[in-house]
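Step one of this worksheet: look at the structure below.
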Amino acid sequence: MGDIFHIPVLLEDVINLVETIYLDDGFVFVDCTLGEGGHSKAVLSKYQNINVIGIERDDVVLNRAKESLVEFSKRISYSNTWFDDFFCKYSLHRRFNFILADLGISMFHYKVGGRGFSFLEDEKLDMRLFPSDGGISAYDIVNTFDKEMLENLIYELGGEYYSRRIVKAILEYRKINKIQTSRELQRIICKAYPNVKFKINPATKTFQALRIYVNDELDRLKRSLPLWIANLSKNGILAIITFHSLEDKIVKEFFKGLTKDQYCILTKKPITSSFKEKQYNNASRSAKLRAVKKLYE
């Protein structure tokens with residue numbers, strides 16, 4: 001398990017943004033999605049006087065990050081909570097120089113998390129980032145939601161053109177058996193798809209839709225955006241890395257709605273990964289980085 005590490009995406013671009021506003025004293029960088037600490041480690045290594053707050057809800061992943069960042073223990077503090085809860089409860093009277101939110105799922109969850117995020121492994125169908133929080137699981141959804149609910153979920157959150165065919169196959173299957181595992185669901189989806197070649201696995205969009213719904217990803221992002229902006233210091237930067245069009249649209253529209261004399265959008269078009277990065281970090285293919293600077297106190 002120890003050798004599975006998440007490679008941070010668009011790392012050089014994040015560092016370049018930090019460089020534009022870095023102050024040698026009292027600079028605070030908030031990593032809203034610490035994961036295994038890749039972005040934070042790079043920032044702490046490059047800037048000797050920077051302090052980091054790392055937010056990570058998954059305590060297993062957080063412990064892995066702490067191991068990776070042990071040499072920086074005097075300059076980093078941790079919060080084991082969701083990022084929207086952190087800003088609601090703990091930072092009402094603080095201002096931060098840089099806030100980063102990388103909305104991708106850690107490689108740990110895909111490779112060894114055991115929660116059914118990946119159809120490449122035969123795991124229990126769960127997809128909750130933190131199961132002890134309770135809430136609905138992917139297993140609950142595929143085995144209890146009715147036809148209309150499933151079709152809407154898969155189409156709207158996954159952009160899946162064949163949502164009706166997939167749902168029909170799911171409903172037929174569960175007449176006989178419960179859908180227990182990620183590989184089981186993947187097989188059902190693949191059989192429902194037309195017999196032609198596609199660039200991505202037929203199950204990709206459905207799995208995305210389930211993960212988004214289970215973890216309340218879009219509403220959590222919507223709740224967080226005004227909190228992040230409110231907690232920036234003057235000349236502070238908010239940088240957000242998204243991985244699908246639904247997230248990117250939310251961020252884009254929020255930035256567009258900000259008052260122009262109080263905020264400066266730093267990315268007229270989103271920053272995407274270079275050809276070189278795509279070669280060594282496949283996860284970066286769909287990553288988009290948008291950033292905005294706050295111009296007032």
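Positions of Cβ are set from backbone N, Cα and C atoms, glycine also.
Listed in Swiss-Prot:
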type    : residues                                          : note
BINDING : Gly37, Gly38, His39, Glu56, Phe87, Asp102, His109 : S-adenosyl-L-methionine binding site
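In terms of local Cβ density within 10 Å, Gly37 ranks first among the binding-site residues Gly37, Gly38. The Cβ of Asp102 (S-adenosyl-L-methionine binding site) lies under 8 Å from the Cβ of Pro8, Val9, Asp31, Cys32, Thr33, Gly35, His39, Ile241, each of which sits 6+ residues away along the same chain. In the three-state DSSP assignment, the secondary structure recorded for Asp102 (S-adenosyl-L-methionine binding site) is strand.
Glu56 (S-adenosyl-L-methionine binding site) counts 28 other C-beta atoms within 10 Å of its own C-beta, drawing on all protein chains shown.
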